[in-house]
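Enquirer: What Swiss-Prot records for this protein is below:
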type	residues	note
SITE	N9	site 'Discriminates between blocked and unblocked aminoacyl-tRNA'
BINDING	F14, Y64, N66, N112	tRNA binding site
ACT_SITE	H19	active site, proton acceptor
SITE	D91	site 'Stabilizes the basic form of H active site to accept a proton'
Amino acid sequence: MKLIVGLGNPGRKFKKTRHNIGFFVIDELLQRHKWKLNNSKFEGDYSIEHFDGEKVILLQPQTYMNLSGKSISPLMDYFDIDVDDVIVVYDDLDLPTGKIRLRQKGGHGGHNGVRSTIDHLGTKDFKRVRLGIGRPTNATPVIDYVLGKFPKQETTAVTDSVEKAADAIEAWIKGKPFLEVMNDFNQ
């Protein structure tokens with residue numbers, strides 16, 4: 001069983017913000033396969049699906065970003081999911097908008113949702129898909145920037161990166177070794 005977690009903030013207010021690009025990827029996978037998040041438990045909305053012979057859970061924590069681990073850890077425990085079978089998808093200020101980067105494991109890099117995930121799982125050893133959102137180019141505080149919406153001129157780059165991230169996740173679910181997926185999709 002695989003667990004795909006998109007990090008973001010719940011509610012309409014945050015729906016199209018940079019910080020919610022992890023949710024965008026889950027939404028892309030749901031739309032591609034006509035799946036729905038039809039379960040609400042573990043402080044998250046999730047769906048249990050089958051893809052290419054593999055059971056897959058897609059999760060959008062509803063805890064707000066900084067508490068994401070509170071949703072992920074109990075769901076993993078309940079379904080007995082090994083950390084090797086988890087991918088966490090989230091925004092990255094240090095990558096330009098439109099770029100994606102996959103990692104086998106690592107630190108939180110200042111990302112509070114990832115920090116919470118590490119704290120609750122007790123390990124840094126989970127796979128990640130990071131989607132670039134760039135940094136503010138003016139004096140905009142980082143918190144205002146990540147909670148802001150993408151400008152229209154970035155729509156194509158964002159859409160492309162979300163689709164590539166979904167493609168990478170699907171390749172991994174189908175059984176391609178994660179290191180090969182990294183080689184194929186890292187930009």
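Backbone N, Cα and C atoms are what each Cβ position is placed from, and that goes for glycine too.
Burial and contacts for the listed features, if you can.
Expert: Annotation for N9 (site 'Discriminates between blocked and unblocked aminoacyl-tRNA'): spatial neighbours T17, H19, N20, Y64, M65, L147, criterion Cβ-Cβ under 8 Å with sequence separation of six or more.
Annotation note: Y64 (tRNA binding site) sits in a coil segment as assigned by DSSP. Using a 10 Å Cβ-Cβ cutoff, Y64 (tRNA binding site) registers 18 neighbours.
According to DSSP, H19 (active site, proton acceptor) sits within a helical segment.
Sequence-distant neighbours of D91 (site 'Stabilizes the basic form of H active site to accept a proton') (same chain, 6+ apart, CB under 8 A from its CB) are L7, R18, H19, N20, I21, G22, H111, R130, L131, G132, I133, V146.
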Enquirer: For the binding-site residues F14, N66, work out the Cβ neighbour count at 10 Å and name the residue with the minimum.
Expert: N66
Enquirer: Would you work out the biggest C-alpha to C-alpha distance among F14, Y64, N66, N112, the residues that bind tRNA according to the record, and give it in angstrom as a whole number?
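Expert: If we measure all Cα pairs in F14, Y64, N66, N112, the largest is 16 Å.
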Enquirer: If one looks at the chain holding N112 (tRNA binding site), which residues at least 6 apart in sequence have a CB under 8 angstroms from its CB?
Expert: M65, N66
